[in-house]
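Notes for the one structure printed next.
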Amino acid sequence: MDYFLKYFLIICNLLFTVLGLLLLTLGVWGLISKESFAQEKISSIGTDPMLVVLSVGFLLTVLCLSGCVGALRENRCLLKLFSATVLVLITAQVIIAIVAHTLQDQIEGNLRSGMLVAIARYQDDLDLRFITDEIQSNLQCCGADNYRDWEINIYYNCSAPGVLACGVPATCCVDPLENGTVWNSQCGVGAQLLDEFTAQSVIFLGGCLGEISRWIKQHEGLIGIIVTVVFGVQILILFITIRLLERINQIQAIVKGGHILFGDSHLLSFHYAKQRCDRKLETIKKHLL
């Protein structure tokens, strides 16, 4: 049973290591593709979302590799480090969940403020522009509360001199594709000048905050299952790691009790090999008798 748990822990850590490497690769690719290391952009790299993705990927890779190597080599130091880190992560997630539930209204207010900031900086920040476009196109919404929120953007404000004045981005449009093939980036021009009855055939009128809340309510069952599975896997990995550590300590105590000293490495393998030899000897004795 312990042998099975050991290799189950190794496989789980390998899978999460692959996930960490994918995030690490995505982060590096994002920073390179946006030329974030260029001299004129290097000063603002600390606020780049791709840096967060890269950091999470790196930390996940290092953590899971330590758990994988610790289980494979039966190294108590690595397993203790791994189990302590997993325990800290589980505790942090529980605290975050409690705080998020307690401060739900404040979080909604912060989300609204963040959405308005993204709208105001839409043309100047490529990351915020990408996130805003994805939210609006996928949830079929426009602005934070409604489509008139785009008036706070200096380019879409009606007093702006450009062609975008009194308009909204193309991702607000009901049908941004002409003839189903060509992307019409000007489909939202002048949309703020239309009354709601006329505008509803051109753009989405509803704000994205309401659509986000509606999407969460519609998928709360799936979200609950995913959160439960992820949390359960972490608890299981912690349990297996602690069980493996206890078994290594027991075997080391037995081996030391017999006046044979070994390092942490391969204690379980030595124990299982000894058990197999003992069983084979018993079988041979029975045949001889």
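Placement of Cβ uses the backbone N, Cα and C atoms for every residue, glycine included.
Taking all protein chains in view, 29 other C-beta atoms sit within 10 angstroms of the C-beta of C142 (disulfide bond). Sequence annotations record features per position, and here TrEMBL assigns disulfide bond to C142-C158.
TrEMBL lists 7-32 (among others) with the feature transmembrane segment.
Non-local neighbours of the transmembrane segment (52-72) in the same chain are 6-7, 9-10, 13-14, 16-17, 19-28, 30-31, 78-79, 81-82, 85-86, 237, 241, 244; each lies 6+ residues outside the stretch with a CB under 8 Å from one of its CB atoms. If you look up TrEMBL, you'll see 52-72 (among others) marked as transmembrane segment.
Look at TrEMBL and you will find 84-103 (among others) tagged as transmembrane segment.
With a threshold of 8 Å between CB atoms, the same-chain residues lying at least 6 positions outside the transmembrane segment (222-242) that come near it are 5, 8-9, 12-13, 67, 71, 79, 82-83, 86-87, 89-90, 93, 216. The transmembrane segment annotation in TrEMBL covers 222-242 (among others).
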